[in-house]
Every structure is written in C-alpha cells, then in structure tokens.
Amino acid sequence: MLLSDIINQLVTMDKCLKKDKVAFIRIDINSPIVNGKIIDDFRIRAHTVTLRLALDAGLKVVVLAHQGRPGQDDFTSLELHKPLLEKYLERPIKFVDDVIGPEARKQIKELKGGEILLLENVRMLSEEVIEKVPEAQAETMLVRKLAPLGDYFIFDGFAVAHRSQPSVVGFPIVMPSCMGYVFEKELRALATVFEKRGKGVTLIAGGAKIPDTLKAIEQLLKNGLVETVAVGGLVGFVFAVAKYGVVNNLLRQEIEKGGFLPYIDKARYILDKYGSQIHTPIDFAINRNGRIDIDIYSLTQVPLDIGRSTIIQFKEIIRQSDIVIFSGPMGYIEDEKFAMGTIELLRAGADRNLILGGGHTIFAAEKAGVISKAFHVSTGGRAFIQTIGGEEMPAVKALLISAKKFWA
Ligand SMILES: Nc1ncnc2c1ncn2[C@@H]1O[C@H](COP(=O)(O)OP(=O)(O)OP(=O)(O)O)[C@@H](O)[C@H]1O
Ligand SMILES: O=C(O)[C@H](O)COP(=O)(O)O
C-alpha cells in the first residue's frame, strides 16, 4: 500500500484536541549529551509545535519520552530536558521523577486544562526496552497503569517509530489514538518522495550505519524509489572496496575494525544489480599536516572525507535531481577541514528539494546554513533510514489498529 494511502487511514491530531481531556503524548527528545549537557536540542524544538497545539486547545498533557538506553552514559533523567522544553514552550511545565507510581498518577489526576506534566524517562521501566507486538505491549504495567487515566494517546515520536516498545505501540490498542503534528509531517514528506516513483530522486548516503544504510539503498533501488545513489562516509568505504577490489588494504582494515567485512559482499551484490545507478567516491581527503586530496589508488592513511573530484561529480548529480535525500555525513564532520564534502553537498542539495535526517547530518546542515532552506528536516535517525527504505513502522501499525478499533 502507498504511504499516502496509509496516512489517509490514520487519525489526525485535530480529532484529539478536546478541552480538559487527558492526552498522553509520546515524543522523542532523545538528544546527544556530552559531560551531562544536552549539546543539540533540535528534537526538543521540533516537538514543541505539537505540545503547543495540544496546550492551546486546553488538553491536559502528559508527556512520555526517553533518553538513551539503560547502561549507556546518556541514559539520564528527563529533568535535564525540562528547562529546554520550558524555554521553547514559553510556559512552565511540571516534572515528576516517576512514570507509573502513585506520585505520577496523582499528578496526572491533578492536572488542569492547558497544563503539561513531563514524566520521568520511560526507559527507567525495564519493560520499555523489550520489543513485542502491540497487543502484548498493551498488557504492560505502563499501559495498564496509565491508560485508565487518559482519554487519548497522541504519537509524535517519529524517531522512535521503528521500535515496538510499550510507550510506542501499547496505548493505541486500548485507547483512541492519533498522529501528532510532527509525526504526520514526517510521513507526508516521505510520501511526497515515494509518489515520484524514483523519477529525479537521488539519495546521498554516508555516515556510519552500514547495515541499515545498505539495506535502505537496496530497498529503494529494488522498489524503484530512487533513480541515483551517491555514497560517502564509512558506507562509501564499503562500496569503494566492493567496486575496486582491495585497491588499498587500509579501507578494508577500517571496515574490518567495525566488524562490517560481510557487508562488502552485500555492497558487491547491490552493485552487480544496480551498478549504473550507484556512484562511489573516486578520491578522498586525508590528514597530512592538514587536508590533502588523494586518489583512491594512492591512499596512505584512512580517509576522513570524500575528495574534491568526488565532490564535483556528486554536485553535478545533485544539480540534475528534483529531490535529494541526504542521510549520513560524507566524512569526519567533527573536524571542520573534513566537513567540506558534507557541507558542499548539503548546500548544493538546498537548491533542490532537500530532505535530510540523522543527528550528525542535521548538525552538519546547521553548520552549512541549509536547515531553513530544506524541504524537510527529519527528526529521525534510524527511523528515517528505515522508513525511506520502505519498512513498516511498528508505530504506524499500532495507529492503524487504533483507527479501526476506536474511530471507524
Ligand atoms: N570518513 C570518515 N571517517 C571518520 N568518521 C566518519 C567518516 N565518515 C563519516 N564519519 C562519522 O560518521 C558519524 C555519523 O554517522 P551516522 O550514520 O551516525 O550519521 P547520522 O545518521 O546523520 O547521525 P545519527 O546516528 O546521530 O542520527 C559521524 O561521527 C562522522 O564523523
Ligand atoms: O535516537 C534515536 O534514534 C531514537 O531516539 C531511538 O533510540 P534507540 O535507538 O535507543 O531506540
């Protein structure tokens, strides 16, 4: 089924905007944290639009969200996110360091219309990180304790839509649910791409998510949803080795370090089938007392960016495209010298219809000054790649069930 047909079967947020009703809104404000500080608040800013719509309508808003994964350094309390949410919402918000316990439930019951309560990181509940089908997630403590206190569930967290977790897929099974503003906007932007059936659509794919990106590239080409693919970043290393053989052991060793050697065969398979549509780097930039560009046969160090000739070639591809999907940087963007490939291609893409996603890609796009010119900036990382690869999102599946069950 076409994505646009699926969207038409889902319920829009306006149906849930009823004064004094209690709405659980699942957002994704999972943000990069360094030394205990949020260093990029793009997702927080994005979701304030949805929250403001709900509050202005007089809903009693209960926010569900996560940060990091248990055991990781960035697994923190959402108390850290509260001041930023308040800053962008321009109103005070309540916070409770509890998700389903008596204090959380008491505060939900005490909410007044137009007030907002942020619950603690939902992944503090161990059941939250276990993936199961929506019907099973409806039986979790989270859903059983909270759902009876609410009237609606609004799903807005596109970036977590690929997870079949309780806070994503459990509520739609037991209560009327709808798409939040951000989520709907994301789906509609991607539907626009899919409607072109590949004509004039180019994917610029880089970054470090080798398995997901290769899968998305294969799916997009197989389904005819893109005409051209240009690869850089670590994804580009894999395709370069697959295409040119072991022209240089350095690239192969770098791929091996990450445990991605099997993906060279996968890239070779994709190249065998769709080779004429895929463009791989022909030169790279390395660090030899500064940036120098070097052809693929002469590499002496692991490359940190695509080279100048590749940039020129990829820019020409972009110039001939109507839509440019940008996912994952072309190089080591943390160092300005090696952000050049990514920044130049993003600027070229901004003259077309540019769609971009991924934390690092957005960071580079901010540096390149193209955020406001882009056709769509996705809040999703892995979810973005998976959706453009045509995979069914568990969140969508759950919302479809809810639409049939409660809104038909
Ligand atoms: N040639 C390279 N050498 C070293 N690092 C590279 C190179 N190319 C890309 N990277 C790194 O890949 C990382 C970004 O890859 P990733 O796939 O995570 O991008 P993203 O999808 O935009 O971001 P996110 O995962 O945060 O959503 C960056 O840290 C970047 O420095
Ligand atoms: O940042 C993301 O991609 C989302 O918040 C999902 O996070 P996860 O990969 O830890 O589920």
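Here the Cβ of each residue, glycine as well, is placed from N, Cα and C on the backbone.
Whatever TrEMBL says is automated annotation, not expert-curated.
Copied over from TrEMBL, here are the features:
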BINDING   Asp28, Ile29, Asn30, Arg43, His66, Gln67, Gly68, Arg69, Arg123, Arg163  substrate binding site
BINDING   Arg43, Arg123, Arg163  (2R)-3-phosphoglycerate binding site
BINDING   Glu334, Gly358, Gly359, His360, Thr361  ATP binding site
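Put simply, Arg43 is the one of the binding-site residues Asp28, Asn30, Arg43, Arg123, Arg163 whose Cα lies nearest to the Cα of Thr361 (ATP binding site).
Of all Cβ atoms in the protein chains displayed, 20 besides its own lie within 10 Å of the Cβ of Arg123 (substrate binding site). Most Cβ neighbours within 10 Å among the binding-site residues Asp28, Glu334: this distinction goes to Asp28. Within the same chain, residues at least six positions away from Asn30 (substrate binding site) with a Cβ under 8 Å of its Cβ are Arg43, Ala65, His66, Gln67, Gly68, Ala159, Val160.
Residue pair Gly358 (ATP binding site) / Asp28 (substrate binding site) shows a Cα separation of 13 Å. In this view, the densest Cβ surroundings among the binding-site residues His66, Arg163, His360 belong to His66, judged by other Cβ atoms lying within 10 Å.
With a CB cut-off of under 6 A applied against ligand 2, none of the binding-site residues Arg123, Glu334, Gly359, Thr361 are retained.
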